[in-house]
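S.K.: Feature list, courtesy of TrEMBL:
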- 1-42: region 'Disordered' (REGION)
- 8-18: compositional bias 'Polar residues' (COMPBIAS)
- 48-224: domain 'GTP cyclohydrolase I' (DOMAIN)
- CYS117, HIS120, CYS188: Zn(2+) binding site (BINDING)
Amino acid sequence: MHTVLELSASSPWHSQRPASLPVLQSEEDKVNQQSPSAQPGEVDLESIKAAVRTILKAVGEDPDRDGLKETPRRVAKMYAEIFEGLHLDPARHLQVSFAEEYDELVMVRDIPFTSMCEHHLLPFTGVAHVGYIPQGHVTGLSKLARVVEEIARRPQVQERMTHKIAELIETELQTTGVGVIIQAEHSCMSIRGIKKLGSSTITSAFRGTLKTSLSSRNEFLSMIDTRSRG
Ligand SMILES: [Zn+2]
């Protein structure tokens, strides 16, 4: 039977970051001063501005009226921020680990994130539960949250996001098992199309013993009562 070290909503980093990690800067800072690992010039702000003007015109708006004048610029900066994960390597967060004999399941649950559905460019928002079984080394717990945060910042589908997080942890950490569960509400389902407000989508990815051993996986799942999490 594993004992489970569980970090939940009461952990310190969690309480400080209701919507986004403290590493996030203001929109202005983000554009003027790219984070150190980002290559400069990868987001073409001028092209985004021109495209947003085109969209405004195409839907029958006047992009030059007062309220909309600055909108293309704001949207360009917003896209640079919410898609910055395209230019960052989340693996770097996992490249420092600490020797530790602990070999039971470590889980960080309820990591909040917002990502963008690649089919509609609308946000999907939810929480990720990430666990792994260390093998001689552990990573800093906040690093798992950094990985989720950074992988979220790109256009994608929830299924791929879930697998990408699991794959990265499996590749970068010495581990015998990895489990990732993501629960999110997709605004492309709630504000358009079938307009199902409040429905959530749950995806999972398991690797190693968490995939092959039913009892390990059940233990992982028992730590996450998805029914109580809207
Ligand atoms: Zn969508």
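Using N, Cα and C of the backbone, Cβ positions are placed for all residues, glycine too.
TrEMBL: automatically predicted annotations, no manual curation.
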S.K.: Enumerate same-chain residues with a sequence separation of six or more from CYS117 (Zn(2+) binding site) and a Cβ-Cβ distance below 8 A; give 'none' if the list is empty.
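M.R.: Same-chain residues close to CYS117 (Zn(2+) binding site) (Cβ under 8 Å, separated by 6 or more) are PRO123, PHE124, PRO155, GLN156, VAL157, HIS186, SER187, CYS188.
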S.K.: For Zn(2+), what surrounds CYS117, HIS120, CYS188 with a Cβ no more than 8 Å from their Cβ centroid?
M.R.: MET116, GLU118, HIS119, LEU121, LEU122, PHE124, HIS186, SER187, MET189, ARG192
S.K.: Mind looking up the mean pLDDT for the domain 'GTP cyclohydrolase I' (48-224) in the predicted model?
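M.R.: On average, pLDDT over the domain 'GTP cyclohydrolase I' (48-224) sits at 95.
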S.K.: CB neighbours of HIS120 (Zn(2+) binding site) within 10 A?
M.R.: 16
S.K.: Counting across all protein chains shown, how many other Cβ atoms sit within 10 Å of the Cβ of CYS188 (Zn(2+) binding site)?
M.R.: 16
